[in-house]
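Remarks on the structure that follows.
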Amino acid sequence: MLRILGLSTVTFNDIVERIGITILNTFVFYLISNALNLHSFFYFEEGVVIILSALLPYILAPAITLLYVVSYNFSGMILGQTNTITPTTIETFGIMLILLFVIPIIVEVKFTSLQGFLTSESLLGVFISPFLVATGISEKGRDPKSNVLSAIPVLYSLVLKAVENYTGILSEPVSLVYPIVGFILLIVASILFTRGSILSVLGIIPLYPGIALALGYGFLSINTIIASLLGLLVNALPATLNHLMSSSQAKSILQKEKNEVISQVEQKIMLINNIKGGSANLPVELITVLSEMESQLKAEMAKMNSCSTSECIAEAYRNFLEVSNNVDKSLNDAIFKIVIDYNNVVTGIRKLGVNAEEIQIPPSLRLTEQDVNTVIRILNTIDRNVYLTTSRINQIVEGLEKTLGGKYTRLLVTDFKSLEKVSEVVGNETMRRSAEECLAMQADAVRELKMNPFSDEKIALSRKLNQVIIETFSMDKLSQIVSLSNENVNLLKKYFEYLSSRKDELRKIGLPESKEYAKVIEDLTFTVNGNLPTCEIVRRVYSFISVINDIDEIVADFQSVSALFQLLEGLRDVIVAKVTEEGCISLDEVGIDAKYGRFVVSWLKGIGITAILKENSVCGER
């Protein structure tokens, strides 16, 4: 029902029928309007017929045909021109009703087709109507019975002629031969046209003479020629369109298959480029492997682009799968080797005291997005570890330059294999010897310096230095030497800052060496705050260790030493007399502790008497 109303999807045959019926209904209605004198609103009525025929051809076709049959036979009665109906009129009406209306309506109801009305109305119409006489019987893909029944209305002229002139026909029956042969040819053509293959166009062979003979147009008639060509077009066009659509669809499917494979290849190439861009320092061997993988895939893509058949695409796809497996294996082997080589390098530099992170060997890898992310993560981990290790080693070298003085070779790294050059840094004998000597000197200096105000820090630092001394030489030991050297200098800075704050007290004591001691403090304070190498700072401090310890002792016992010098000034005459006349004076005799004896000697020197300390006495030299 939807199809009849034009509300469902229609086929090519439906379109042909809809257009043909619209054209034919227009001309048939023109005949009806002339027969019934419907001229007042002809153009409006014709417009309504055209619109309704296009929208509702399954209703308008039988309606217009029936209206024509009635008007053709009974127009005089309808217009009131006559009240008589002759037997001839009844016969004509019956023939027309059966052949032009009943047969087509059977085709419409049984086969949902307007083929019969295309044939019947083309026999009735004027102008170009005869051109459409073969369109109904030429439709492709129809039930053969539908095409055969659609050809029956062609008998209309033959039957009508036989009824009207049956005596003449009986006398010359040969006159029916051509029309009958023509009708038979049309039946044959209608059957041939129903074939599903391209061979259906062979129906044009019986169609052309069939039209010429059955309808009496003649072989050279424009009606015969155009009707035959339109019949051929109606039948051949669907096959041609189907062929073009099939060809286009085949090409589309072929291109889709190619695009799918090419897309897979391009995806693989993109993943390779992701690996290349995933690390700033790709190992050379990995770069080589990736380039070979990319070349293989691009070669397969070129082969795929050149394919024009499904067989070629299938073969190219099989080759691609094989290449893809080889690519997966190459990638897996390359990453496995890189991880193994990297871990071996890490094991080697760990023996030199350089701590670096090993990488777990990954499971089997393929060139997929997930595994590529794993590869990039591995490469980034290697890059990060190489960077951190290199930075740490070069920081140690820089620290050693500041500690020992001089210039040492930095570690230059292009990839993880360059980390093996760590042995060149650790194996530098000059640097190693200087570092060990500096460490020993610092341990001696810290041990021998009194540093009374900072005794706890001194003891802690001394323990650290002594612990590092006994360790095996390594990068870690070098790092500790740099660190402890800086710690030592920082402690010396604090210590000499403290001594500098006590210089005025030192000068007030009146000790002859006070000026010298103050000068030493000033010079060493400048030294420890300068830009000299750390070991040179410690060496210079160490060279004044006895003076520094004297100063430390005086400053630490400032009150007692100050009181001592006041006592010496008070006993000046007694002490001088004893030393000059008797040669010696016992410290106990004047109430001075023996530990301050050297200060008594220094005091005597300050007043011009050379003396020495002998056990518990101070004696003048002669």
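Using N, Cα and C of the backbone, Cβ positions are placed for all residues, glycine too.
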113-134, 333-354, 553-574 - the range that TrEMBL marks as transmembrane segment
113-134
Top partner of the transmembrane segment (21-42) among 48-70, 90-107, 201-219 - counted as Cβ pairs under 8 Å:
48-70
If we skip the immediate neighbours and take only residues 6+ beyond the ends of the transmembrane segment (146-163), which ones have a Cβ under 8 Å from one of its Cβ atoms?
91-92, 95-96, 99-100, 103-104, 106-107, 110-111, 113, 115-116, 118-120, 123, 133, 136-137, 139, 169, 176, 179-180, 182-183, 186-187, 190-191, 193-194, 214-216
